[in-house]
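Listed features, source TrEMBL:
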- A:17-37: transmembrane segment (TRANSMEM)
- A:78-301: domain 'ABC transmembrane type-1' (DOMAIN)
- A:84-105: transmembrane segment (TRANSMEM)
- A:117-136: transmembrane segment (TRANSMEM)
- A:168-194: transmembrane segment (TRANSMEM)
- A:214-237: transmembrane segment (TRANSMEM)
- A:280-302: transmembrane segment (TRANSMEM)
Amino acid sequence: MAHSGPMTDWRKAKLPVFAFLAPATIIYTLFMIYPLIDSIRLSFYSTPSGGEMAFVGFDNYRTILGDPDWSATFWNSFWNNMKFFAVHMLVQNPIGIALAGILSLPQLRFRNTYRTMMIMPTMLSVVLVGFIWQLILSPVWGVGVDILDIFGLKSLFGPWLGKEGSALITLSFISVWQWVGIPLMLIYAALLAIPDDLVDAAIVDGATHFEVFLHIKLPLVLPTIAMVSILTFVGNFNAFDLIYAVKGALAGPNFSTDIMGTLFYRTFFGYQLQLGDPSLGATVASLMFLIILAGVLFYLFAVQRRLARYQL
Amino acid sequence: MMMNKNIRREDMSRAVIVHAILLTYTLVALYPIFLVIINAFKSRKGIFKDPMGLPNAETFSLDGFTKVLAKSNFELFFFNSFTVTVVTIVIVLLLASMAAWALSEYKFPGNTWLALYLAVGIMVPIRLGSVSILNLIVELGLINTLTALVLVYVAQGLPLAIFILTEFMHQIPKDLKEAARCDGVGEFKIFFAVILPLIRPAVATVAVFTMIPIWNDLWFPLILAPGDGKQTITLGIQQFIGQYVTDWNAVLASLSLAIIPILFLYLIFSRQLIRGLTSGAVK
C-alpha cells in the first residue's frame, strides 16, 4: 500500500473523523466480527432440548472428531472438500492463467470481447449454474450425449451426477467452469501491469512470446497466482450453494458429494434423519474457521513472505 | 520497415491458433447458457426432439414463461432481490467511502490497526458466523425480513469496499483538500462536496463487486428469510425448480428469467468491472 504524503492530524477534526468511522465499524463489528467470535463461544456450549445452555468445554469437538458416526461424516466431508479444492487448483487455475496469458498477447484483436464472454459464467448464481448443468448432463434430455456425439465420444456418456464415484468430480468441474473467470481476471490484470520494455527487450533478443510468458511474465505474477490460490481455498472450503442446489442437503448419492458447507448446514438445521443442533453447528463452523485460518496463515507467512523475498 | 514474407505467414498462422483457442473456450463458457435460453422458447416436443436447434415456427412456444409467471411469484422474488441489493449497495458505498476517507486522510492513533481490523472480513467468510447471526436476528425480531438480509450483506460488503476505496483515496491530490481547508470549508463538506464526486469511478467498480455476490446468494435467504413473500430470486428459483423438476418448459423458462437480467447488467457494467481491476484497484 503506497501512502501519499503526510496525513492530516486528526486532532483538528476529532468529531468528523469519529463520525466517518463509527457507522461502518459498528455494523461490521456487530454483524460480522461478533457473530464469528460468538459462534466459537457457542461451540463450547450445549443446549439439551428444553434445558438451559450449559458450558461443556471441548465436548462438542470430541463428539464431532471422536464419535464414530460423526467423525466418519466429518472426515468424509473434509476429504471431499480437499478433492473439490484439488480439482480447482489443477484445472481451474491453470486454465485461467493460460487464457490470461493468451489474452495479454500484444496486438490481439477482440480481446475485450473474448474476456467479457469468458467471464460471463462467473456472474451467474451458483444455483443457476447447478441447474443448467443438471439439465445438460441429464440422461433424460440427451443433449449431453448429442454434444459428445459431435466429437465421437458418445460412448463415454454416463449418469455422472448420479454415481457415487463420479458425482463429486463432476460437480467440481461444473464449479471450475463457472469460476475460471476469477483467476482469468486477476492474472490478466497483473500481466497488464508488467512494463512493456521488459517484454520488448526479450522479443528483440529473439525470444518467442511463449518463452517470454514462461520466463519473464509468469515469475512476475507469482504473487498474484499465490493470492488466487488462497482465494480458491477460502472459496472452496466455504462452498455450499452448488451441492445444495444439485444434490440437496443430504449431498448424495450416499454423501459422496458432502463438503464442509453442506455438513455445516445439516448439523445446524437438521434434515430428514436428524434434528438440527446449533451448538454442534457452531462447532462445525469453528472447525471450518480453523481450516480456513490455517490456509490464510500459511499463505501470509510461508507463501507471501517467500515470494516477497524472491521478488527483491 | 521491410517485412519478411515468411515471418508474416508465421504470424498469420499463430494468430489463427490463438483465435481458435480463444473461440473454443468462449464457446465452452457460453454454450450451456445459450442452450438453456433457446430451449426456454420451445414447446415440450421441441425441447426433446431437437435440443440443440434454434426455436423455429414449429417448435416456438412461450408455454414455459406463461407457466412460471402464473405458478410462481417471480415478480415478487425479483423485486425482493432488487430491493435488498440496491439498499445494500447504497449503504455500503456511503459507509465504506466515509470510513475509507477517514482511514486514508487522518492520522490518528490505531489507524493502521483499524484498517487491518476492517480488512479481516475480506478473507474470513461471514457464513461461518451464521449460528450467531441467526440468534442475533431472532433477538432483534428481524427474522423473515429483508432488513435482516440487508444488515448481513452490508457487513459482508464493507471490508472489500473499504479496502478498495482506501487505495483509491490515497491517489486524490493533496492540493484539492488543502485549498478547501484554507477557504475554511468544514471536514464534512469537504467529504460530501469535494471527495465523493471525485471517487465516482471507483464507486461504480465497488458497486459491481458488492452487487454480484448479494444478488446470487442462497445461504442467507435460506436461513434468515425463507418464508413466503420474502424469498430472493435465487432462493425462489431454487424452491420453484425443486417443485417442478419434471416440467421442463417451466424449469428452462425460470432459469432464463433469472439468467437474462444478470447477463444484461453484466454487459452494461463489465467495462467498469475490468477497469477497476486493471487500474490496480485490486492488488
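Glycine residues also receive a Cβ, built from the backbone N, Cα and C atoms like all the rest.
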*Please give the sequence-distant neighbours of the transmembrane segment (A:168-194): residues at least 6 beyond its ends with Cβ less than 8 Å from one of its Cβ atoms.*
80, 83-84, 87-88, 91-93, 95-97, 99-101, 103-104, 115, 118-124, 126, 129-130, 133, 137, 160-161, 216-217, 220-221, 223-225, 227-228, 231-232, 235, 239, 242-243, 246-247, 256-257
*Are there three or more C-beta pairs under 8 angstroms joining the transmembrane segment (A:117-136) and the transmembrane segment (A:214-237), sequence spacing 6 or more?*
no
_Give the nonlocal contacts of the transmembrane segment (A:17-37) in its own chain as ranges (CB under 8 Å, at least six residues past its ends)._
10, 289
